[in-house]
Each structure stands twice: as structure tokens, then as C-alpha cells.
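Working notes, beginning with the structure itself.
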Amino acid sequence: MSPQTETKASVGFKAGVKDYKLTYYTPEYETKDTDILAAFRVTPQPGVPPEEAGAAVAAESSTGTWTTVWTDGLTSLDRYKGRCYGIEPVPGEENQYIAYVAYPLDLFEEGSVTNMFTSIVGNVFGFKALRALRLEDLRIPTAYVKTFQGPPHGIQVERDKLNKYGRPLLGCTIKPKLGLSAKNYGRAVYECLRGGLDFTKDDENVNSQPFMRWRDRFLFCAEAIFKSQAETGEIKGHYLNATAGTCEEMMKRAIFARELGVPIVMHDYLTGGFTANTSLAHYCRDNGLLLHIHRAMHAVIDRQKNHGIHFRVLAKALRMSGGDHIHSGTVVGKLEGEREITLGFVDLLRDDFIEKDRSRGIYFTQDWVSLPGVLPVASGGIHVWHMPALTEIFGDDSVLQFGGGTLGHPWGNAPGAVANRVALEACVQARNEGRDLATEGNEIIREATKWSPELAAACEVWKEIKFEFQAMDTLDQ
């Protein structure tokens, strides 16, 4: 027998399988300021106690495996293991629990969202002892936050670059999203920007297809930007989607955008991946480009209430990885978004310090220690009648993005942009005069139609359009 084996045997290594809760369920644990804290919604399999399920999550997302291994004796489990330090039943739900887990900071690579997610939501979501598992929230300690660059520029720097203050920014996604030639696409961009929008946008699946290669699109859109800037005297932008099949190709497109002198590029951060996104964010900061983030694929991850990852976690991860804008739902349009939940993660995107508030789904107090903020983007099924509600819900630090609500105007793209700009300016002026947008919104829009035939035509077209469906993701009662 070797000396190493003798030593291990002498301290009583005992092979076999132990209940996770014997090692990883520690209700007496006092969390540290440096711990990453997680709130999981756990649905155990029948017969599995909630404490065992919570401990299993802590174990499988940190140092544990299914059996005792002799190499446990070569390190300090007490220093490195995750700990389930609290379990509470979910009100109104049968056999669902919130399990609180604390992870020591040394488990994570600095400045890597990829590594953080690989650890916390890696294998554990396929664990057989759990019927379902959802990561509801994370508390990122300030010590870890400071290892991230975060958004390339942030809200204030973006306003300074654009010279636009005191109102939400206006955008438009060019439609049809697929099929236009580069020249016709650029024409649509020009008409929208000339009409009064601040931004236009590539749709998330516009990359470099046979009908419109990326270089051609970039060139025609740059021409549209500069022509509309010269005519209006305002700084304009188009979110040029740099997302590509490889990181190298993505960077090539971002470099070309910078050489053209445009102000902003775009990335699909979930399909593109956090590693690619962080690399692009670093390039954008170093080269003066704003970065718009689309959340394509998010609903695959966050739509189900009992399994997946809540979008507030994906939003926090984006702020760490880097992005100046991110789509965040509308509350009033065609896409998912319950009001209090949406406002909760909008605050997590914009503010420096956010208090724990379970009424808005915020499980932990989060201190971003001056990490730049991200502008939430409201888009999806919105039109001029929604403008008062959007202005009231999202406030000035937001981007309101009307695709069909601009391009669907009966008179064309430029009049559609005029209608949206007039509606926004009317709402901002009314709010600044002390009027209540929530109760007087429709009246404010009707008054503005007297001075804008474009707005009057838009109001007539969309007066009956509503998307009245119950949100899937609601607060626990």
C-alpha cells in the first residue's frame, strides 16, 4: 500500500453515497458579502424532501458529485462548496420551493459570465431528483462586479454622444425583416430617420443572407444615416447587426462599421454567446461604438414559470457582459411582460443600487458600484396609442421601438416616423406640464392630431388594435 493510500485510509475515507443535505444544507450559515447568492425555484420529484432537493442544487452546481470521492480529502470542501442556506415554500403552488444557495467567490473566474453560468446553471438543470428548476435571481457581490467592464458606454455617455436629452429615444425595426435588397433596405432606413426617429434597426435574424450580404447592407445604411443627419441636423443611427457564425467574422463586421463612421452596432447575445458578446463589448468601448443587444432565444430559457432562467438574471448577466441597449418587453404590446416584473428588471438594468423587493420579483439587494447602466428597449406590437403608457412606464431613459407601428403607416415610412415623433413629443410635453399620462393619455394624443395629419392617420389605422393576453410570468401570490 502506498504512503498516500495509507494516509487517506487512516483518516477514515468511507466510500458510498450520502444524502446531499448532510453536507450541503446549512440553514445556520451566515452569508458573506463576497458570496454569489442564488434563488432557485425547486420542484422536487415525489418523495424527495425540499431540503434534500435544495442541497442537491447547491452540490451539483459547485463541488459535489453523486458519490463520495477520495479526492475530497485533498481540498477544503468547507471553503469551496455551495451551501443551501434557506428553503421557503412558494405561496399558492404545490410542491414548489425557493431554495437559497450561497457560492464562495473563488469558484468563479473573474470577468467571465460564461464561467459563472457554466457553474450555476450547468449540469444541475438535468438532475433527476428535480422535476423542474428555475433560477429566479442572483446577487452579484461588488467584489465580482468590479472584475467586469460592463456596458461599453452607458446611458449618460450615449446621451452625450447623441446630444439628445429629456425624452425617450425612438427606434424602428425595418420590415419585412427578410427579403429586401440592400438598396431598398437602406431607402427604408433613410425615410424613417428623416421622418424623426433616432434609430433604425436590423432585425435579429438579419445577418448576411443571399438576398442581402452584410457589407452591402452596411454601406447603404451608412449612406442613409449620413444623408438623414445632413437633412435634419440630428445625430442618427442604425443598429448594424454584427452577429455572425464565428467570433472572427463578427469582429470583422464591427471593424467595418467603425471604419464607416456609424455610431452603433448590434449583437444577438444569447444565440451569439456570452464570450462573443463580451469580446464585442470590449471592442466597442475601445473604439467608440455603442452596442445594441437583442435577446433572441430568451423565451426558450425564461418563458416557463417553473423551469429555466428568469429574464432578470439574463438582464444582470448582460449588464456584466456588456451592452448599451437591451430589449426588455413592453408591458402593453404583443410580447411577454408583466408590469411589476418588467419594471423590476428595468431598474436592475439602469440603476446603481436596487433594494430587495419581492413585490417586483427582486430577491436580493444589488449594488452595481458604478457599473454603467443599460437602456431598456420596448418593442413588439406597439403603436402611437401606446405612447403615453410607454412614456409613463419606462420614463426618459429608454428606447421605444416601433417596427410595424412606423412602417405600417398608410402614407409610408417617413410619415409613420413623423407620427411617432409627434406623439412622443406631445406626451413628454404633457408630462412636463404635470398632466397624468396614465389617465389622460388618449386625450393628449387626440389633441396632438390637430397639428399633425400624419399622427391623425396613424391613430385612425391602429385605433382598434390590442394584444390582450394574460402574461405567463406572473408574481407569486
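Placed from the backbone N, Cα and C atoms, the Cβ positions cover glycine too.
Among the features that Swiss-Prot reports, active site, proton acceptor is placed at Lys175, His294, with the record citing sequence analysis. What Swiss-Prot records for Asn123, Thr173, Lys177, Arg295, His327, Ser379 is substrate binding site, and it gives sequence analysis as the kind of evidence. Annotated Mg(2+) binding site per Swiss-Prot: Lys201, Asp203, Glu204, in sequence order, evidence recorded as sequence analysis. Per Swiss-Prot, N-acetylproline is recorded for Pro3, and the stated evidence type is sequence analysis. What Swiss-Prot records for Lys14 is N6,N6,N6-trimethyllysine, and it gives sequence analysis as the kind of evidence. Taken from Swiss-Prot, the feature N6-carboxylysine applies to Lys201. The site 'Transition state stabilizer' annotation in Swiss-Prot covers Lys334.
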Point to revise | Candidates Lys175, Lys201, Asp203, namely the recorded positions, that fall within 10 Å of Arg295 (substrate binding site) by Cα distance | key: none
Check your understanding: Which of these recorded positions is closest to Asn123 (substrate binding site) if you go by CA atoms: Lys175, Lys201, Asp203, Glu204, His294?
Key -> His294
Revision key, fill the gap. The rounded CA-CA distance in Å from His294 (active site, proton acceptor) to Asp203 (Mg(2+) binding site) is 9
Revision key, fill the gap. The most crowded of the recorded positions Lys175, Lys177, Lys201, Arg295, His327, judged by neighbouring Cβ atoms within 10 Å of its own Cβ, is Lys201
Study note, to complete from the structure: Among the binding-site residues Asp203, Glu204, the one whose Cβ has the most other Cβ atoms within 10 Å is Glu204
Point to revise | Listed in sequence order, residues with CB under 8 A of Thr173 (substrate binding site) and six or more positions away | key: Thr200, Lys201, Asp202, Asp203, Ser379, Gln401, Gly403
Practice item. Please report how many Å separate the Cα atom of Glu204 (Mg(2+) binding site) from that of Lys177 (substrate binding site), as a whole number. Key: 8
Revision key, fill the gap. CA pair Lys175 (active site, proton acceptor) / His327 (substrate binding site), Å rounded to integer, equals 17
**Study point:** Fewest Cβ neighbours within 10 Å, where candidates are the binding-site residues Asn123, Ser379
**Key:** Asn123
Review point. Per DSSP, Asp203 (Mg(2+) binding site) is which: helix, strand or coil?
Key: coil
Review point. Where does Lys177 (substrate binding site) sit in the DSSP three-state scheme?
Key: coil
Study note, to complete from the structure: DSSP, reduced to three states, assigns Arg295 (substrate binding site) to coil
